[in-house]
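Annotated disulfide bond per Swiss-Prot: Cys22-Cys37, Cys93-Cys133, in sequence order. The signal peptide feature in Swiss-Prot is assigned to 1-14; the stated evidence is similarity to another entry.
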Amino acid sequence: MKLSFSLCIFFLISADIVQGTCKKVAQRSPNVNYDFCVKSLGADPKSHSADLQGLGVISANLAIQQGSKIQTFIGRILKSKVDPALKKYLNDCVGLYADAKSSVQEAIADFKSKDYASANVKMSAALDDSVTCEDGFKEKKGIASPVTKENKDYVQLTAISLAITKLLGA
């Protein structure tokens, strides 16, 4: 009986860190939806035992996964016959997401070494890369981004990490 009660308390406290963090993040960042944050962080089993620093690493890893999905999705589009202008913007996005991945990997190392100011700079760079990808499609009339929804999810994931760096004192 005592063990099951202790486990219930542990899971309630764990859920509270995700929900509490997401509440603070959503209040501070216009790029983050509370429900998206809770769903994203809560989907990782490690979030249930993580501290704030750990949630920063988890959200950064989720951003890497989302960036990889976007690159794969773009690769499939590029294998089909596409307008040359669209192809140019998609290729630009592939390069931008490669840069973003490097930035996020460095930010993860910074989180782990508690260099939150550096993690903040690198997560900002990754967020900027995804915005630049999306903005590229607006340069030519009649070209619509096929990755808008995916980019929005990526922006939220990087914004979560970015906001966590600020909560940690960056």
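Even glycines carry a Cβ here, placed using N, Cα and C.
Here the structure is a predicted model, which means the values were calculated and not measured.
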Discussion item. Give me the CA-CA distance between Cys93 (disulfide bond) and Cys37 (disulfide bond), in Å, as a whole number.
Written reply: 24
Worksheet item: Cys133 (disulfide bond) to Cys37 (disulfide bond): how many Å between their Cα atoms?
Response: 22
Worksheet, complete the sentence: DSSP, reduced to three states, assigns Cys133 (disulfide bond) to helix
Item to complete: Check Cys37 (disulfide bond) against DSSP and tell me helix, strand or coil, would you?
Response: helix
